[in-house]
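Here is the structure we will look at, set down as C-alpha cells.
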Amino acid sequence: MHEYPVVLVINSGSSSIKFSVLDAQRCEVLLAGIAEGINSGSATLSVNGAAPVALAQRGYEPALAAICAELEKRSLIDSVALIGHRVAHGGNLFQQSAIVDDEVMEKIRRISPLAPLHNYANLSGMVSARHLFPGVTQVAVFDTSFHQTLAPEAWLYALPYRYAQEYGVRRYGFHGTSHRYVSQRAHHLLGLSEADSGLVIAHLGNGASICAVRNGRSVDTSMGMTPLEGLMMGTRSGDVDFGALAWIASQTGQSIADLEQMVNTESGLLGISGLSSDLRVLERAQREGHQRADLAIRTFVHRIARHIGGHAASLRRLDGIIFTGGIGENSALIRRMVLEHLSVFGITLAPDKNNMPGSAGERIISGEDSAVICAVIPTDEERMIALDALRLGKIMPSIEYA
C-alpha cells in the first residue's frame, strides 16, 4: 500500500480509457496509461509508455479491471481513496464538479444527447468504476462547467429564442478544465490578483479554443454548442459561413450528416494543406517549400490572432496572453507568428525565451518592454481533476490549486 492515499483519474472515450494515478499528498503522477480499442476484438493496454499488451475481453469494465490489475501489481489498489472522471458535457446543469451519485448520473444521462460520442462513454466508466471500487467516492469534472459563468449575450446564438429555450441551443464551450487550471497558474506566474485581472488563454492542440478570463471567471470562449465552432483545428473547420455549407449541399447533394463529417474530420489543417492534421508535419513541409502547408499555417495563425483580439474585448483590461496545449506549449513558430499579428497591442517577444523547448515549462516569453505579458503554461487536466476530487472528497493535498 502506498504511503499516502491516491486518486485514480479516468477519461473514458468512445473506444479508449486513459488513466492516471496521482499521489494525494503532492498530486504527482505515479502511474499512467491507456486502454485502446476496448470495444473491438483487438483491445490493448499500455502502461507508462510500455508496449501495448492485448486484453482478453472487450468492453469498459474488462478494460478497467485490467487497469486495476496494474494498480494491484504496484501495491496501489488499496490506496485508491477517490476517483475523478472527465465528463465532456455538463450542459447547463453543472456549474462545477460534482460527487457522483444516482442523481448526478441521471442528469449526465439526460444531457448526453448533446455529446453522444463522449458522455455515454463517460457514464460507462462511472458504472464500471462503481463495480470495481465499491464505496470509493467518485467525482465528475465537466469540460463545460468553467464556462457556465458566461453572460447571456456571450452564450446566445442570434436564432429564434425558442431554440435556446426548447432545445438548449447555445454556446457551452469546452476545454474548461484546461482553461481553469491554466488561469490559476497564470495568476501565480504573472503575480496577478485573481479578483482583478484579465487573461486570454489559447489552448492550441488538435482541438483548439480561446477563453477570456476576467477576475478568474470565464466570460467568453470560442467553442460553441459543440467543439466545432471557433478556431481552425487539426481536422475541424472552426467558424464557417452556414451559407457556404448550404451552397455545397445544393451543388453536391451531400446530406447534413455528410457535411458534418466533412467539417469535423476532413477540414482544418488537413483540409487546407491536403497533407496532414499534425502541425509538426506541416512545419517541416513549410520549411521544404510546400505551399499549401504554408497556407494552412498562415490561416491557422490568422484565426488564432483574430480570436485572441476579439476575446480581449470581453475584458476590462488585458494583463496576459497565455499559450497552452500541445501546439501552444511546443511550437515557437506559431507563438511568434500569432504575437506578430497582435503587435497592435504593443506586444514584444523575447526570442530566447520563446525558442526554448516545451520541456522548459512555465515561462514568460514577452519582452521587458511588452505592454502585455505573454507566457507559456503547460496544461495539466489530470491534476485539475485530481484536485477537484480531493476538494470534494475532503482530502486536502499539501499543495494549493495554483
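Cβ atoms here come from the backbone N, Cα and C positions, even for glycine.
Here is what Swiss-Prot says about this protein:
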type	residues	note
ACT_SITE	ASP143	active site, proton donor/acceptor
BINDING	ASN11, LYS18, HIS175, 203-207, 278-280, 326-330	ATP binding site
BINDING	ASN11	Mg(2+) binding site
BINDING	ARG86	substrate binding site
SITE	HIS175	site 'Transition state stabilizer'
SITE	ARG236	site 'Transition state stabilizer'
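Mapped onto this structure are the features recorded in Swiss-Prot.
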residue: ASN11; record: ATP binding site; Cβ within 10 Å: 23
residue: ARG86; record: substrate binding site; Cβ within 10 Å: 22
residue: ASP143; record: active site, proton donor/acceptor; Cβ within 10 Å: 25
residue: LEU204; record: ATP binding site; Cβ within 10 Å: 26
residue: ASN206; record: ATP binding site; Cβ within 10 Å: 16
residue: ARG236; record: site 'Transition state stabilizer'; Cβ within 10 Å: 27
residue: ASP278; record: ATP binding site; Cβ within 10 Å: 16
residue: ARG280; record: ATP binding site; Cβ within 10 Å: 12
residue: ILE327; record: ATP binding site; Cβ within 10 Å: 27
residue: GLU329; record: ATP binding site; Cβ within 10 Å: 22
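A gap of 11 Å separates the Cα atoms of HIS175 (ATP binding site) and ARG86 (substrate binding site). Neighbours of ASN206 (ATP binding site) among the recorded positions ARG86, ASP143, ARG236, defined as a Cα within 10 Å of its Cα, are ARG236. Cβ neighbours within 10 Å of HIS175 (ATP binding site), excluding its own Cβ and spanning all shown chains: 28. With respect to ASP278 (ATP binding site), the closest of these recorded positions in Cα terms is ARG236, chosen from ARG86, ASP143, ARG236. ARG86 (substrate binding site) has ASP143 nearby among the recorded positions ASP143, LEU204, ARG236, ARG280, ILE327, counting only those with a Cα within 10 angstroms of its own Cα.
For the recorded site, HIS175 (ATP binding site), the DSSP three-state label reads coil.
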